[in-house]
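> Here it is, the structure, as structure tokens.
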Amino acid sequence: MSNLLEIKNATLKFGGVTAVNDLTFSVEEGEVYAIVGPNGAGKSTVFNLISRFYDPYAGSINFDGNNLLDRNADAVADLGIARTFQNIELFDHATVLQNLLVGRHRHRSTNLLQEALFTSKVRREEKRHREAVEEVIDFLDLQPYRDKMIAGLPYGVRKVVELGRALASGPRLLLLDEPASGLSVEETQDMRWWIDDIRKQMGITVLMVEHDMGLVSGVSDRVLALADGAKLAEGTPAQVQSDPAVIEAYLGAGAA
Amino acid sequence: MRIHFKTSYEHDIRLFPDRWSFLVYALLIVVAVLLPWLIDDFFLGEVTNVLIWAIAGLGLMMLTGQTGQASLGHAAFLALGCYSCIIFMEQGLPFLIAFPAAGILTGIIGTIIAIPAIRLHGIYLAIATMALSILADDIIVLMEPITNGVSGKFAPVINIFGIEIERWGTPDRFYWLVLVVAIICTLIYRNILRSPLGRAFAAVRDSEVSATAMGIHISRTKAISFGISCAITGLAGALMGFFSGIVTNETFSIVISITLLMMIVIGGLGSIHGAFFGAVVVAFLPQFLSLAKETVIGGGVAIPGLETGVFGMILILFILFEPMGIYGRWMKIRIWFELFPFARKDMFKRQKSYLKTERLR
């Protein structure tokens with residue numbers, strides 16, 4: 001299998017703090033790759049580097065042969081990279097359906113004039129987007145919430161809607177920032193099946209940050225452990241969990 | 001209680017959800033068209049005024065309600081639309097070309113002004129655009145050769161294929177003209193809302209971070225919103241010029257900007273109905289107040305600041321008790337009747353929102 005995402009020697013500093021320190025890793029096409037680590041290890045920062053919200057101080061980020069550093073944050077989605085956020089970032093004053101349709105924005109092919117007049121092309125495109133969104137709705141069982149405003153939905157549903165919005169864009173790489181945080185045991189179980197199906201049925205590569213080791217070892221092929229922005233260990237979930245350096249980072253020296 | 005049984009995606013795309021609401025709006029338009037025969041010229045003028053304010057409100061609503069960018073500079077764009085339309089017509093262009101051209105020019109200039117301004121957020125954007133309103137006054141005076149400065153400009157008579165339209169001479173024709181413009185603007189507004197651009201506006205309003213991650217170019221989207229907003233406002237400005245007959249540097253003051261912003265807040269941010277409801281309040285309140293004053297303390301007594309005071313009070317009450325504006329109240333009353341007797345007070349309770357991602361830039 002080939003590498004879909006390659007991060008080489010990425011370094012990011014905020015003033016005197018080194019958030020990501022000379023980090024190198026790659027994600028293969030079709031795998032579920034998890035990043036774990038204690039709070040402040042730089043996991044979300046890695047995501048924000050890939051999303052181009054931050055400029056790395058040094059290093060390179062490549063996606064399927066494209067240099068991501070050549071692109072602005074809004075041009076990353078065009079390559080087929082979709083993401084969710086740690087603290088759900090949905091469009092609160094819009095319905096679930098509208099939120100999912102925003103996910104289709106990168107497939108927009110009509111211009112301002114056509115949209116102002118709502119020509120038959122816009123109408124046709126709208127139906128096409130709707131079909132794609134309906135597939136996601138069926139996949140995630142969101143049927144009861146289609147026309148509900150986000151502002152009135154419970155946390156667990158919002159989490160699923162955010163996953164749906166990322167899926168609606170038809171990505172090749174899905175970045176999930178703590179998909180199970182704040183979810184109940186049942187909801188976490190659902191999330192686990194969904195991530196499995198996203199990889200197996202849809203063929204989407206998943207890169208996720210997660211604290212729930214049950215979920216991580218259940219779905220991921222490889223795990224990267226981070227501490228203080230640097231790589232501690234990389235390997236299968238079992239290898240990483242038994243790595244002395246990882247245990248030390250979580251529990252302190254002498255615990256092993 | 002009506003239940004929408006949806007059988008195709010068309011249902012969510014088309015303009016009217018069902019035949020009933022289509023009938024209601026069709027009836028509304030029929031009544032609006034027949035209005036000149038139903039009421040006298042004074043009230044027809046008032047209704048015309050409401051419609052013009054509503055068009056201006058739609059313009060600002062696109063920017064503030066849909067895209068979430070507050071602007072206190074829209075009086076400047078009203079002025080720009082007004083002056084450019086009158087000047088185009090004085091140069092011999094027919095109204096049917098001069099009027100859209102004025103809108104397009106205002107839109108383009110609005111976009112150019114927006115490009116540096118949209119780097120600012122929230123209150124800072126409001127302050128920056130407020131400067132525009134203040135500058136507009138001076139610019140009109142300084143550009144005296146074109147604008148006639150403080151002595152002002154007279155609105156020419158509108159001529160569409162030989163039919164003469166004038167505010168005082170033919171109030172019914174002028175009313176129909178404004179009505180047609182209002183309907184076209186509303187349709188365009190609605191079309192944008194139900195297409196990808198409208199959703200991009202909402203995305204920028206609610207979360208710039210995730211809008212970016214979805215592939216939306218934030219500053220371009222804001223600039224487009226500014227452009228459309230200014231174009232519609234420019235059209236309203238031109239109509240205001242024809243309505244008042246004479247325009248000077250003081251016609252479009254900062255007070256107009258503030259009134260416009262208050263109007264859409266009172267009407268209900270983010271809804272087309274809100275622009276119209278707000279316009280009714282703004283256009284009728286001065287008349288209502290002077291009538292009330294006459295009956296309570298008798299005519300001839302001037303109370304300075306009465307109008308602005310009452311306006312401010314209404315605005316505060318709305319922000320405190322009905323942040324969704326008149327449209328929000330309207331929806332609640334409708335739902336109450338539709339669900340009767342099952343509506344409960346808590347159904348409309350505002351939900352608390354969850355933690356937001358910290359600003360990344």
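Cβ from N, Cα, C; glycine included.
According to TrEMBL, the record shows the following:
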- B:20-39: transmembrane segment (TRANSMEM)
- B:45-63: transmembrane segment (TRANSMEM)
- B:70-89: transmembrane segment (TRANSMEM)
- B:95-115: transmembrane segment (TRANSMEM)
- B:122-143: transmembrane segment (TRANSMEM)
- B:174-192: transmembrane segment (TRANSMEM)
- B:223-246: transmembrane segment (TRANSMEM)
- B:252-285: transmembrane segment (TRANSMEM)
- B:297-321: transmembrane segment (TRANSMEM)
> Compare B:70-89, B:223-246, B:297-321 by their Cβ pairs under 8 Å to the transmembrane segment (B:122-143) and return the stretch that comes out on top.
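Between the stretches B:70-89, B:223-246, B:297-321, B:70-89 has the largest tally.
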> Okay, the transmembrane segment (B:95-115) and the transmembrane segment (B:45-63): do they have at least three CB pairs under 8 Å, pairs separated by 6 or more?
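Between the transmembrane segment (B:45-63) and the transmembrane segment (B:95-115), contact is absent.
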> Can at least 3 Cβ pairs under 8 A be found between the transmembrane segment (B:70-89) and the transmembrane segment (B:223-246), with each pair 6 or more apart in sequence?
yes
> Tally Cβ pairs under 8 Å between the transmembrane segment (B:297-321) and each listed stretch (B:174-192, B:223-246, B:252-285), then give the stretch with the top tally.
B:252-285
> Are there residues at least six beyond either end of the transmembrane segment (B:20-39) with Cβ under 8 Å to its Cβ atoms? List them, or say none.
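Contacts of the transmembrane segment (B:20-39) (Cβ under 8 Å, skipping residues fewer than 6 from its ends): 2, 47, 171-172, 175-176, 179, 183.
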> Against which stretches of its own chain does the transmembrane segment (B:95-115) lie, if we need a Cβ under 8 Å and a gap of at least six residues from its ends?
73, 77, 80-82, 84-85, 88-89, 132, 158-160, 219, 222-224, 226-235, 237-238
